[in-house]
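Novice: So Swiss-Prot says this about it:
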REGION    1-190  region 'Enoyl-CoA hydratase'
SITE      Glu118  site 'Important for catalytic activity'
SITE      Glu140  site 'Important for catalytic activity'
REGION    306-714  region '3-hydroxyacyl-CoA dehydrogenase'
Amino acid sequence: MEMASAFTLNVRLDNIAVITIDVPGEKMNTLKAEFASQVRAIIKQLRENKDLRGVVFISAKPDNFIAGADINMIANCKTAQEAEALARQGQQLMAEIHALPVPVIAAIHGACLGGGLELALACHGRVCTDDPKTVLGLPEVQLGLLPGSGGTQRLPRLIGVSTALEMILTGKQLRAKQALKLGLVDDVVPHSILLEAAVELAKQDRPSSRPLPVRERILAGPLGRALLFKMVGKKTEQKTQGNYPATKRILDVIETGLAQGTSSGYDAEARAFGELAMTPQSQALRNIFFASTEVKKDPGSDAPPAPLNSVGILGGGLMGGGIAYVTACKAGLPVRIKDINPQGINHALKYSWDQLEGKVRRRHLKASERDKQLALISGTTDYRGFAHRDLIIEAVFENLELKQQMVAEVEQNCAAHTIFASNTSSLPIADIAAHAARPEQVIGLHFFSPVEKMPLVEIIPHAGTSAQTIATTVKLAKKQGKTPIVVRDKAGFYVNRILAPYINEAIRMLTEGERVEHIDAALVKFGFPVGPIQLLDEVGIDTGTKIIPVLEAAYGERFSAPANVVSSILNDDRKGRKNGRGFYLYGQKGRKSKKQVDPAIYPLIGAQGQGRLSAPQVAERCVMLMLNEAVRCLDEQVIRSVRDGDIGAVFGIGFPPFLGGPFRYIDSLGAGEVVAIMQRLATQYGSRFTPCERLVEMSKRGESFWKTTATDLQ
């Protein structure tokens, strides 16, 4: 049976051809290799129509033009030559669209990304809607690739080389007004008249390309170009630490096209695309993409979720304010905040105001839309307005008695169906639910700070939590724009449990004489966004170390922090960035001043600050402990699968995405190699490095995680 076409042609009475894109059976349009013949058949018909005046590409999907190429198509390539051939096929198709003798216009609404934008760039003009859902970008770098269907050659010539480099190197997505300002689109119109506006543009002569700004014209010349590529190359190397080969290839390919002409540029683009598709970095990044897509589809349990019409939040602090923001402004649900202090409510409301006002200033949001979203948030110092809330998120201090009191108050003041979700980072959910009248409706919902930026949430059912409570909480997390993983109710849950030994080891190396900046730089070089010492300063030393005694009590001395170090730091009133002094010193708030290591930290903890370890040795000690603990979590079913373990580490603590997560990384090294490294470290530094039993067994049998445990472990 022949597959229905994703592209349909309709020639209007005014001789404008409208090509409608609608991939059968899919929510979003993505480009597949088999579509090439469909488009070529349409191009043949268009060339044969001598009365044709213009062509418009438009999507039939409600909220996307084309979201990019189908990633499976790339994953199915076995060799660089196959992936290169795929790119050349895409380039050829775009060239045929561009070569049509009449004006070709892309009518864009919703996501126009990757191959979708490359198709739009091959058109002679572009019109897009002013809808917030409309975004344009080339995000291939986030998958360890580069645009392979002409994007590296067409975009710099259209909007200028420096602007194009920023878009392609970062995967940055532009809104409609930004795209218009840069000359990426020719017009921005309301959704209701998109087709009419595109048709009118198609009836005119081909839109002439806008002259580039003087700065861009200078940078396109040989001298300006040499300076620009040297400067951008240096900046990119600093940012990526050489861990992402795609960025260097992007620079090379764009420079080749500008220096040697488009023919050489297209050739270099296809070749680089093929080679990058086979790199371990791209394979790891694509695996993360597939895994996160699966997690977003996972309902969490077999039960249907309960309806969610409104949410309550207990506590207006930093976490409460952030949770209120994502609930109202991302999930679109009415939120009522309860705090014993009116200032707490004001703080939470200001948090959302600041976030939304920033969007208004950047012209990402209309003032009227800001006001509409803010109107969803209200506050109270008692339980008025809580009677019919479907789910209450508790975000008060980490105190068990206080949280148990909150459960009792919610059960007394809210409906019988109301779910109680605790944003605890360390307390057992079973203990919080211990005196509950309806323990089946008590669950953990652990957000990470800052709430609006961190994509992960941990959902923690205790043994008595109902399947419907799990499903409803997962549903809320997804509405809030989060990636949820369901984890077992054991001390530290998953993310904090694998993070604690990593940070502990960094502190231990400090006491041995390694310098703060050397430890942090070593882990940044390894691929983490910030080093462990800086991370502790950012989170707050008091907050970040609170969980260590909990973990030590649960799992023994492998979680013990170096004796007296943490207490010495806290007794010296060092909390990190929030009070201006931690391991680093911070300038006055509001002033841009570079943080500096406080030299007083070394005598305070009885260290010399004269280290002997190389950067790889520092990274090895921190990372190996994290890997070992992740495997223990899988063994104890703290995480349901290796998929959740990799996603949790990448999205929760910034484990290097190009390594694919702890389990993919162990697979790439081989369990035998990991065990050998850990045994060597155990001999040198102590029993905390002893590899767990599962790793040793896998090493003996030559097993890997993703080939043996790719499905959920219940």
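Yeah, the Cβs are placed from backbone N, Cα and C, and that goes for glycine too.
Give me the lay of the land around each of these features.
Specialist: Its own atom aside, the Cβ of Glu118 (site 'Important for catalytic activity') has 29 Cβ atoms within 10 angstroms in the protein chains shown.
Within 10 Å of the C-beta of Glu140 (site 'Important for catalytic activity') there are 27 other C-beta atoms, taking all protein chains into account.
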Novice: Can you grab the distance from Glu140 (site 'Important for catalytic activity') over to Glu118 (site 'Important for catalytic activity')? Cα atoms, rounded to a whole Å.
Specialist: 11
